Protein chains: 2
Amino acid sequence: MRIIICGFGVVGQSLAKLIESRSEDLYARYGIKARIVGVADSGGSATDPSGLDPERLVAAKKAGSVRGYPGAGGGLTGGELIEGLDADVMIETTVSDYTNAEPGTAHITGAMGRGMHVISVNKGPLALSFPSLTELAEYNRVMLRFSGTVGGGTPILDFAKKSLRGERITSFAGILNGTTNYILTGMAGGSSYEEALADAKGRGYVERNEALDLDGLDAAAKLVILANWVMGMKVTLGDVDRTGIRNVDTGDIREAAAAGSAVKLVATCDGGLRVAPERIPVGDPLCVDGTLNAVAFTSEHSGTQTIIGRGAGGIETASSIIRDLLDIRAGMARE
Amino acid sequence: MRIIICGFGVVGQSLAKLIESRSEDLYARYGIKARIVGVADSGGSATDPSGLDPERLVAAKKAGSVRGYPGAGGGLTGGELIEGLDADVMIETTVSDYTNAEPGTAHITGAMGRGMHVISVNKGPLALSFPSLTELAEYNRVMLRFSGTVGGGTPILDFAKKSLRGERITSFAGILNGTTNYILTGMAGGSSYEEALADAKGRGYVERNEALDLDGLDAAAKLVILANWVMGMKVTLGDVDRTGIRNVDTGDIREAAAAGSAVKLVATCDGGLRVAPERIPVGDPLCVDGTLNAVAFTSEHSGTQTIIGRGAGGIETASSIIRDLLDIRAGMARE
């Protein structure tokens, strides 16, 4: 299985290491022989149709860019790499952007056009054009997978789609952004908004563009992905009624606590789509603290089920990509 | 798909109704045309190779036994029904028993011997002889499914097996018995053990044989099923180190609360298997209240994921049987 990786940050590097460390297991248990044939980052590229060495890739990146990979480095962009290199799967890990979702969208549509299956952990393209990307995948008869976009290593999408098969999910609500949940948890513990935000920044939890977290964009993007994938809705980011946490004050939090509740940034799909600070009773399974994510799915005959896990982390997200690779491998075998 | 149902209590009746109410949907979406050809309860049987009417079955049962089904009633036992009637799937819903697990085990082995797939929501046979029953299923080339035995309508087994595929689960811990959790929650709210137990009994939460709940047998049975299915262990009920909740007193509960924890009956698989009252921090996702069930799975690369839902209920368990039917249908199509 020949793989192109676009973007080589924490997730891309974790993935390369995981492919290396699990290569025997992946081959023995699933018949997958994963070979990274090309990687592009913002500084350039590395290509080798016979397979790049994950350790050397990471070493080159640490020194600046994969372009420094000994003997195989070059100046190609992700788009050029996809255009010129044969591969089975393109894995899109560049930074999520919600204005035009580039270069992620171009990478995805380019790869699909060349018959590659796509795994995206970049939420931007999915948030802005989920319905058209799934149509394009169908048209090109390739698979589009994105387990890592919601819940990191926690298989939330998969749970809703597979474990609840045979059921009609009627609504769901989730805490989908660990950063804002960490800030709100800090405020519940007595910190001011500014203190809690500074604490979260100090721990590296806040996106460089802090609006993605604080204005609920990240949560809204995940809500859009869930609504499309789980509920079969055809919606994009513009369809979400969105309020962030900037106006939550300690008074709100104290009042909620006195009423046995906590203020959380909740993403809800119950016909409409909205992201807003809401009170949740502390005994509710959805009421998780710290950086945890949680989603409660309500279905017609099985009641409400909640799934909880850490929402981020390079190695966890990389392991979700491995699950997507297994899915794609199984799909290729059926063809 | 011809179905025999052994046992016709709350779950069996809910299943019959669900098959009726969802028949169009099951056929349109999954190609399943479910036909109940035989039902046995403790008072007798009803058989009709062309299909029994769910409403009449339930009406006959309400009047005493399915034996009263107009024109199709008889005195056959479950074993005789299985021996004499052709069917594709036998659904075992008789009461869980942990001394000899009969008549459930005889129903299951008899059905397998006649080439029927088996769905069991009866935990007894699985708790006492999971390894040999799965071997027997393999030998007879039939499928054995039991989603409803753990978590009722909450797809805990499925989540661990499917959504976490590609991962090695290294350990898990769960609150697997809603009744004891309800009692312990009541004690945390200030009731004595006796008061909380009486409350649970008044609500119909306690098994007729209360030892199943209070001595941790039910939780241990579910632990055995999870350990076999999820971890590939070959264990039975005798392998569980088990302590129930009879000796938990309000002093323990108060002390735990003062330390920010709650006492829960926890089933753990971390190399060994044990069921015992343990303290869990109240902020831990596993620390659920009331009749909720929860299991936290820890895997090598994806961290810890917790799944929470109501553990029982006739309609929820019946919907888990429908999921098993879909699984079996998909397996039959592959043959």
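Placement of Cβ uses the backbone N, Cα and C atoms for every residue, glycine included.
Remember, predicted model here, so these are calculated numbers, not experimental data.
Among the features that TrEMBL reports, NADP(+) binding site is placed at A:Gly7, A:Phe8, A:Gly9, A:Val10, A:Val11, A:Gly12. Annotated domain 'Aspartate/homoserine dehydrogenase NAD-binding' per TrEMBL: A:7-145, in sequence order. Marked as NADPH binding site by TrEMBL: A:Thr99, A:Lys123. Residues or ranges marked as domain 'Homoserine dehydrogenase catalytic' in TrEMBL: A:155-326. The annotation L-homoserine binding site is assigned in TrEMBL to A:Glu207. Under the heading active site, proton donor, TrEMBL lists A:Lys222.
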What are the DSSP helix, strand and coil residue counts for the domain 'Aspartate/homoserine dehydrogenase NAD-binding' (A:7-145)? 66 helix, 23 strand, 50 coil
Taking the centroid of the Cβ atoms of A:Gly7, A:Phe8, A:Gly9, A:Val10, A:Val11, A:Gly12 as the NADP(+) site, which other residues of that chain lie with their Cβ within 8 Å of it, listed in sequence order? A:Ile5, A:Gln13, A:Ser14, A:Leu15, A:Asp41, A:Thr93, A:Thr94, A:Gly314
Conformational class of A:Glu207 (L-homoserine binding site) under the three-state DSSP mapping: coil
Using CB atoms and a 10 A radius, I'd like the single residue among the binding-site residues A:Gly9, A:Gly12 with the highest neighbour count. A:Gly12
Whole-Å Cα distance, A:Gly12 (NADP(+) binding site) to the residue listed as 'L-homoserine binding site', is 17
Reported as an integer number of Å, what is the Cα distance between A:Val11 (NADP(+) binding site) and A:Lys123 (NADPH binding site)? 13
Please tell me which one of the binding-site residues listed here (A:Gly7, A:Phe8, A:Val10, A:Lys123, A:Glu207) sits closest to the residue listed as 'active site, proton donor', measuring Cα to Cα? A:Lys123
Counting distance between Cα atoms, which of the binding-site residues A:Gly7, A:Phe8, A:Val10 is nearest A:Lys123 (NADPH binding site)? A:Gly7
Of the binding-site residues A:Gly7, A:Phe8, A:Gly9, A:Val10, A:Glu207, which sits closest to A:Thr99 (NADPH binding site) by Cα distance? A:Glu207
About how far apart, in whole Å, are the alpha carbons (Cα) of A:Gly7 (NADP(+) binding site) and A:Glu207 (L-homoserine binding site)? 16
Sequence-distant neighbours of A:Val10 (NADP(+) binding site) in its chain (C-beta under 8 A, six or more apart): A:Gly314
Quick check for the class: what is the C-alpha distance, in angstrom and rounded, between A:Gly9 (NADP(+) binding site) and the residue listed as 'L-homoserine binding site'? 14
Measuring Cα to Cα, tell me the gap between A:Glu207 (L-homoserine binding site) and A:Phe8 (NADP(+) binding site) in whole angstrom. 17
